[in-house]
Amino acid sequence: MRAQDTIAAIATPPGVGGIAILRLSGPEAERILTALCGRARWESHRLYYCRLRHAGRTLDEAMAVLMRAPRSYTRQDVAEIQCHGGEVVCRNVLEAALALGARPAQPGEFTRRAFENGRIDLAQAEAAMRLIGAQGEAAAREALRQMEGSVSRGVHAACDRLNAMLSEIAACTDFPDEIEEAPTARALCAQAKELAAALRAACDARRGRVLEQGLNVVLCGAPNVGKSSLLNALLGEARAIVTAQPGTTRDAVRGSLFLDGVRVHLTDTAGLRETEGEAEAIGVARAREAAEAADVLLLVLDGTRAPDARERELLAQTQRQARLVLLNKCDLPQAEGLPEGLAVSALTGEGIDALRDALRAMTATTRQDGALLTQARHVEAAQRAAGFLDEMAGALEAGLPVDFAAVDAREALAALGEITGENAEEQIVDAVFRHFCVGK
Ligand code: GDP
């Protein structure tokens, strides 16, 4: 019902700019466009020059286009008017459209109509929003891939396999005399396990988080090993375009840079300071927390001396974490008995490129698997589906009748349907679109 309203919004960001775009979608779009532009005949997808007039007054000179249904973003009639990008002009043009019968669009409502009219699915709608908000080249690339349907294709393939399994179950229960149950159950069990494994393998929520929020890299080590010097060396010329501000406390300095289009946040911690006073103790505790929250730890040692007891302890403690051991000050004579690590010099820059390469490898976003699920919402649903498939395999292994397995298969199908929105509750859909901007 709501889709019968004609909605309007300024689709460009607020503020002053060369042009701004008013967007309209709905059955009244053409009438409102005609009234505003004073042109009676519109060829679809053609740009026209016109003078915008309303209530006896000229508002602006503009270019306008009508995209008739279904060849439009929303699959409804869509009109876009490119007017001058001033706040007063925008407001006047939008108010005129509203006075002519449109209502203000809610956040994401154009995209929601595209979803509800079947032009895109929910995963694609989410990707469109991530593309707009992408912070780095890699995040934008991934969003574009998902907008073009990479997630949807993977989900559809899994659903096809589930539907095929359901047909086998149906055949088995419908023709008990012709189809033997035991071999069918064995085959179905193997298929369920295989699909569960494939779904789990397709999930990589960490990658999604790294793409959108960046990789957290924490430098830790004893005082004076050269952590802050290394941080500065890593930021390098990037310093001019990144923010490197002193931390709120004297124990942390931050900065960020892009590696292969992925934002990398660097934090330098006070590390293993002797805990004499209370403030020092807090600094150390904070450093430990930062180290634990890190995606990658850069454990910095001073290559001119052998590691002391604390450093050896730190080496042992962080063994299981994603980390790089750096032997700094390689420009000076090196000590005996150093652990394995990457020789670098914050002073001369030696080894810094190799360090960047090693970090780049650890961003691990170069994988190009077709149907990788990177969004928390998608990963959760896929894992739930995999759980139902586990239960299905379990039931079949336990020798329960095959139609028991059908119940689990349908649950798995429903969970997968949430990803594309084919089977999403209204509240899931609402939650997705709530974060959109107006005009999208
Ligand atoms: P932090 O306490 O670990 O942050 O260490 P700093 O970055 O403040 O460095 C401690 C001292 O070591 C400073 O005097 C630096 O100039 C020096 N330093 C840092 N890196 C190098 C290096 O690669 N070579 C040499 N020779 N000195 C370095």
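Even glycines carry a Cβ here, placed using N, Cα and C.
All annotation found in TrEMBL is predicted automatically rather than curated by experts.
(6S)-5-formyl-5,6,7,8-tetrahydrofolate binding, as stated in TrEMBL, involves Arg23, Arg119, Lys440; the candidate among Glu61, Glu80, Glu397 given for that site is Glu80. Closeness to ligand 1 is met by Lys227, Ser228, these being the binding-site residues among Arg23, Arg119, Lys227, Ser228, Lys440 whose Cβ falls under 6 Å from the molecule. A 10 Å cutoff on Cβ-Cβ distances gives Lys440 ((6S)-5-formyl-5,6,7,8-tetrahydrofolate binding site) a total of 21 other Cβ atoms nearby, all chains included.
Between the candidate binding-site residues, Arg23, Arg119, Lys227, the densest Cβ environment within 10 Å is the one around Lys227. Largest Cα to Cα distance within the recorded (6S)-5-formyl-5,6,7,8-tetrahydrofolate binders Arg23, Glu80, Arg119, Lys440: about 19 Å as a whole number. Confidence in the domain 'TrmE-type G' (214-364), given as mean pLDDT, stands at 80. Arg119 ((6S)-5-formyl-5,6,7,8-tetrahydrofolate binding site) sits 51 Å from Ser228 (Mg(2+) binding site), taking the CA atoms of both as reference points. Ranking the binding-site residues Glu80, Asn224, Ser228 by how many Cβ atoms sit within 10 Å of each one's Cβ puts Glu80 at the top.
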